[in-house]
Amino acid sequence: MDPTPMQQTVMESQEISSTPQEVDQSSPAPPSESQAITNSDQAYEPLSYDELFPALPNAPNQTPVVEPSESNWSKNSDMRIASSVITQVFRVPYEERVKIDGNNQFGESASSRICADITTKTGAHIEISSAKDQSLTFLVTGKNDAVMRAKRLVLEKFQTQARQTIKIPKEHHRFILGKKGKKLQELESITATKIQIPNANDNSDEIIVVGTKDSIEKATHEIRLISDEQSKQAYEKLEIPKQYHPFISGANNEKINQLMMDNNVRINIPPPSVMKNEITIAGEKEGVLICKEIISKCHKEMERKCQTVSVEVRKTQHKYVIGPRGSNITEILQQTGVSVEMPSTESSSETITLRGPQDKLGQALTLVYAKANSFMQTGLEAPTWLHKFIIGRKGANIRHITQDLPKVHVEFTDKQGGIRLEGPPEEVEKAREKLETMINEMKSKLTFDQITVDPRFYKHIIGKSGSNINRIRNDTGVLINISEADGNNLIRLEGSPEGVAQAKKELEELVAKMENEKERDIIIEQRFHRTIIGTKGDKIREIRERFNQVQISFPDAGEASDIVRIRGPKDDVDQCFTYLKRLLRDLLESNYQVKVSIYRQFHKFIIGKGGANINKIREETNTRIDLPSEGQNSDEITITGKKENCEKARDRIQKIQDELANIVELDIIIPSKFHNSMIGAGGKLIQSISEECGGVAIKFPPPDARSDKVTIRGPKDEVQKAKQMLVELSNEKQLASFTAEVRAKPQHHRFLIGRNGANIRKIRDATGARIIFPTDKDEDKELITIIGKKDSVAKAKEQLLATIKELDLIIEDTMTVDPKHHRHFVARRGEVLRQIGDQYGGVTVSFPRAGVQSDKVTLKGAKECVEAAKARIYEIITDLEEIVSMEVVIPQRYHRTVMGARGSKVQAITTEFDVQIKFPEKDLGNDMGQMQLNGDVNGEAETARPQDIVRLSGKKEKCEGARDALLALVPIIVEEQVPFKHHRYIIGQKGENVRSMMTEYDVNIQVPPPQDQSDIIKITGSPANTERARLALREKVEQLEEGERDRQARAFQIQLKVASEYHPKIIGKRGAVISKIREKHDVNIQFPPRGGPEEDVITITGYEKNVNEAKEAILAITGELDKMTKSSVEIDSRIHSRLIGTRGRAIRKIMEEFKVEIKFPRGDDNADSVTIIGAVENVEECKDHLLNLMEEYMQDIVEREDMEVYMNPNKSNNLFQSDESSHHQGRDGTKQGFVVSGAPWTQEAPNMNSSEDFPSMGAPSPPVAAPTIWGPRR
């Protein structure tokens, strides 16, 4: 097989292995060239630069290879110092790449940033490049361990990660971990994987390996090798050339799996990515030898029969020969028995080698060509920014192209701006034509532009929750991408030309505005935030109105932050900052806090009668005084205000207490090293002393003061009592601080402690001393510490030394164990014996070897340990003899349900009842039996099949309990009658309700489809769960029925006929009256449209009682309106505006004065008609008042019109013409009144250009007409 795609080179003394596997090439060069040529395992001489880094194919010329000269330096190459800096080159295929640099708006420089982060973490230098086939090549340089760590991190980030679980015996885990986990770290570094091993307390034997496919194969291979080496069974290694491994393993590992199953062994064949020839076999000796013989025979046979054929196939077609996960190669091997060997992906070779029997090579060759030519690749050029539009929203556009061509795969390459099509030739050509048409059409309609913006403005451009950027995007229809690619800080706009231009203009204006802004932070304690913001934000609103260009941001209430941000124009921000600083200073001065301890029995005197004392102190000192509530177990009174005022209030409160009680203060000396132990965890010990002594205040010095003085303050008698208790406690601590040390072998510690701590508890109870054993973190594992009083420590030490002396005396003893029980003790590689040894001081228990007919068991160890181990073995034998086997018949179709997810339910039963449960192998035959319906069990008449029998083993009563628990998990089907109309509510929106019930009750609920119109819902699950689900379903139906009844009750409706002219009064101003009725009576009231056929009908809907009450409320309003009268009065429309007044003030005053409603004409109504509505007397009085006002206002209008005529004669003609039409012509068209013609005011104005009206000086004047009685003509 060909090598892994990873290759390692070295910067200085480089070597190239004949097999391209990973090697550290920092070793010195070989002594002779002949050795390097003849031995494929030796390295060649270092090659030239051009051989290691060849020029591109289109390079015009290349530097000739320079052979290294045989200088003295090269001859003494053995004396060189090997370089510690190495370089590794590895490749990530396109198919396994993680889409980091995708089409997301922030992803263009993600690869570079990730590599920079890995360089920072590891110190290794990383170079990344992309090939034409979109694969990534990495060049990692640095120290060996740094390169290994960098490689693992690179593969984690850039290559898709897989996950595999392998089972390794628990006792082998420690060998995989190694000392302090070093072996595991080395494995992870070499294989570039993450290996998760369960904790020591976890009984699981599963090891999880996470990494790339090749890396996982390497890691699992190495882990299995370690496990096989530690296995106590037979173990064999076979050296078989790698090219014959496929014939041994068979297609899909069929042959090797069959071998392992038949012979109960484990065979480990290195995966293709691991360039090793060895095959390991582990298991029972007989099975291992059989497998070894079969594998060797297969190798020799294939070595004799195999022939090879090499064919040239284009490199781009190789992956079609390989197939997904190598499926095509496996298929060829399965059909023809021929192995297909492919060149490595980074190799430029196009040669494929076929190896197998000569008569099968032709058939295999035909299959290879068929696979290679079944697909083709082609490409299209399209700008990268256009790709997202080609794909469309949720892939709609590209789906429209590919839906009829399912075998075509369309891949968009990010950096080259290309589109790659892959699939059958005919379908690829059709897809290409459609894409070309779409691309040309989009190029004509779409464009893009870029603007450079400082990244600090990004968050403001985006806005809160994207509000700003979404607004621009919605207004312009432009796609906006914000990026920091290559340090250019670009915002890219893509869309129609008009939209791009508009979006660019708006963004530039926004950036220009922000460039003139600044941001400052001010530290304000969070307790003042609410004060500054004010009730409902009134105070902060005032500040924002004062500095209206400034944005003030407070941290969220959940954040423990004191930072308040101010942003806006520079000058305004500085002024706002100064203002807030001043405000904060005032708050600090007025919010100083002092806490004073006052005995609770004196709080009532501090408060005084009716709060007289406390209120007086508050007023005189201008402070806020808070006392603890009744539920609080505290005697502290908190005083808040200015510092000097708080101190005054504190002194006055303490003075009240001192006058009421004989308060004293006393200091005692207690060594500071005992302070923490006397205070106790969380201060509980010292608090209990304080409470016992009447709540005296006990103050210890701070830890860094290094003082021994402890202060007690309180009533004299209580202080003396507390002093005595503290002195006694101090003396006790000093006496109990004596220590001693004893040494014992670590394997004896478990025996000294005893089962569940029994032995050590016995010594502790007898002596009163505390015994501390070393933990895993302690360096000295033998040191045991004894703490307590001097005599107690001495007694405990004496007993421990005596026990340890006995443990050091090694004896050997034997006991008899029935051979039928031997397997239990030695099973699972002696797990039970290992537990006994660990528990009883490392005692060694030896059972007879397999095949030896003996019941003698040998125990070796300390006498006490041996005796205890023998007792434990007898206990186990007693339990084993009580074990029975029991069979439970459960149809196989239910096994998966009974076992639960990953066997969780069975594991719970096994743990609870301490039994073993074995399910039969799965039968692949059809199992068409029906489930139990409504709990009916009719399986008794059926004959139990072997695949239905579940076997239990354990104590009888435990097995019976486990059997009942298993049967309770067997699912049944329960049918529940639910009216069809409720089904949609049972299902819920998108099935949310029914899914929630199934999850909660661990059942399956089947609702019939709507077309069946069935009322029966089926519930499948265990009897207990189905019963709970049935009850929940009934409860839900009852709720739905109740809701339906409620809806029917609320649907009661009546129609009330009320004159439409009353409707505005019933509705009220801005709907106030009708809203009040609706809320009070919880009804819905609908008014008809104005001018409709039923404009008088009001509809009321709700509960019957509420509807009738609302009807009565409306009728009460209409009753009042019926008592009113309506009268019209003619008032000249020219004075209406004066009657109404500014914003209706005048007319409102009149309506309030006379308690009437006045309506002025609208639309086509009589322009002079004014309607008055109200009580008869009020209407008449209001009418007289309006007529009086009209006479007064009309006189003013007439006088004003006469004055205008006199002052502006030009308008007289129009005025009198209008007067003539209005006063001398009635509504019926007849002439009325007196008409004057030829009057002066009817004459035209003098003509400025007329020589008659304006004669020139000296010219003959025209004849002048005689003056009329009205004066000279004008």
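Every residue gets a Cβ built from N, Cα and C, even glycine.
Positions annotated as region 'Disordered' by TrEMBL: 1-44, 1209-1274. According to TrEMBL, the feature domain 'K Homology' maps to 160-228, 232-300, 305-373, 374-440, 445-512, 516-585, 662-731, 736-805, 809-878, 882-971, 1050-1119, 1123-1191 (among others). Feature annotation from TrEMBL assigns coiled coil to 639-666. The compositional bias 'Basic and acidic residues' feature in TrEMBL is assigned to 1220-1230.
DSSP places the residues of the domain 'K Homology' (160-228) in helix, strand and coil in these numbers: 37 helix, 15 strand, 17 coil.
Counting residues 6+ beyond its ends, the coiled coil (639-666) has Cβ neighbours under 8 Å at 589-596, 598-599, 602, 605-606, 613, 617-618, 621-626, 711-716, 719-720, 723 in the same chain. The stretch in closest packing with the domain 'K Homology' (160-228), judged by the count of Cβ pairs under 8 Å and taken from 445-512, 516-585, 736-805, 809-878, 1123-1191, is 809-878. Secondary structure by DSSP for the domain 'K Homology' (662-731): 39 helix, 17 strand, 14 coil. On the 0 to 100 pLDDT scale, the model's mean across the domain 'K Homology' (662-731) is 81. Each residue of the domain 'K Homology' (305-373) gets a DSSP state, and the totals for helix, strand and coil are 37 helix, 17 strand, 15 coil. Secondary structure of the domain 'K Homology' (1050-1119) per DSSP, as helix, strand and coil residue counts: 38 helix, 15 strand, 17 coil.
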